[in-house]
């Protein structure tokens, strides 16, 4: 399957950003409505996620802020939304999810959110996301040009996210999806390039490494969507580098370094807000989502890197003490 900047979880993150209205979630569980998702789970794990692998080609999606709506409009109106530049590379994932949704007679919006929660559950260290079912099908495509790109300045990114009800802290937390991400389309010369050194683990290594001084481009590309990376074979998005160093977000970014529980909680809360915007009276089927494998190892400097390589942009609090290690886990 063709892959791009984000794994599937990022696809879900950005599919939900610009659908806003009041949220009224049900606290009850409907056995009939939830039980069908056990069958969906089994098929996704076997046929999409390769028996529960975290890093799989089937998990990857596109661009930094691509996507349609949490109502599944990107699937319902694929012919329209897949033409948007921000959705480059999503074609195969969109049509794959359409196949599964049609086969199980569930809505496209529900399928996007469920598959994202299941995908994340396969990654050690990730939070267990809640899943609410009952989204109706979309009745119109998402408008174009709603979501920012990796080439956009931080102010524009934060402004767009604020329009959707997400503050700067939410934005930084949602970027945790990049801890289990790879790119293919920004620089096709280096397919499957990870955005940190632990792409199979949902951890805070991404937040540390994005603050390390960039020294090289990993491939042949020198486009405006990427910045120099600190490690061979590691890719860095220009927007990630900018958000990590911006005065509005630098301290929030730094706060997640070696703070696994803090990141898990912040990401989970932001995803609940994102996944359920624009819908009411959804049914709680969270019990169907598997419990992710644990991961509690501390963050480490990659081989050859140390505190002197950090470009600290938050002056309010000291930088956390990080151990040196020549073998970062993958």
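Each Cβ is built from the backbone N, Cα and C atoms, and glycine gets one as well.
Taken from Swiss-Prot, the feature Ca(2+) 1 binding site covers 69, 71, 73, and the record attributes it to sequence analysis. Annotation source Swiss-Prot lists heme b binding site at 178. What Swiss-Prot records for 179, 196, 198, 203 is Ca(2+) 2 binding site, and it gives sequence analysis as the kind of evidence. Taken from Swiss-Prot, the feature disulfide bond covers 34-285, 54-123, 251-314. Annotation comment: Swiss-Prot describes 27 as N-linked glycosylation site. What Swiss-Prot lists as signal peptide is 1-24, and the listing cites sequence analysis.
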Next item on the list: Would you list, in sequence order, the residues of this chain other than 179, 196, 198, 203 that have their CB within 8 A of the centroid of the site's CB atoms, where the site is the one recorded for Ca(2+) 2?
Entry: 180, 197, 199, 201, 202, 204, 205, 206, 209
Check: Using Cα coordinates, what distance in whole Å links residue 251 (disulfide bond) and residue 203 (Ca(2+) 2 binding site)?
Finding: 18
Notebook entry, point to check: Taking the Cβ of residue 251 (disulfide bond) as centre, how many other Cβ atoms lie within 10 Å?
Noted result: 16
Next item on the list: Pop the Cα-Cα gap between residue 123 (disulfide bond) and residue 179 (Ca(2+) 2 binding site) into the table, whole Å please.
Entry: 10
Item checked: Listed in sequence order, residues with CB under 8 A of residue 123 (disulfide bond) and six or more positions away -> 54, 180, 200, 201, 202, 292, 293
Note to self: I need the CA-to-CA distance for residue 196 (Ca(2+) 2 binding site) versus residue 314 (disulfide bond), whole Å please.
What the structure shows: 21
Note to self: Neighbour count first, Cβ atoms within 10 Å, every protein chain included; then name which of 71, 196, 203 tops the list of binding-site residues.
What the structure shows: 203
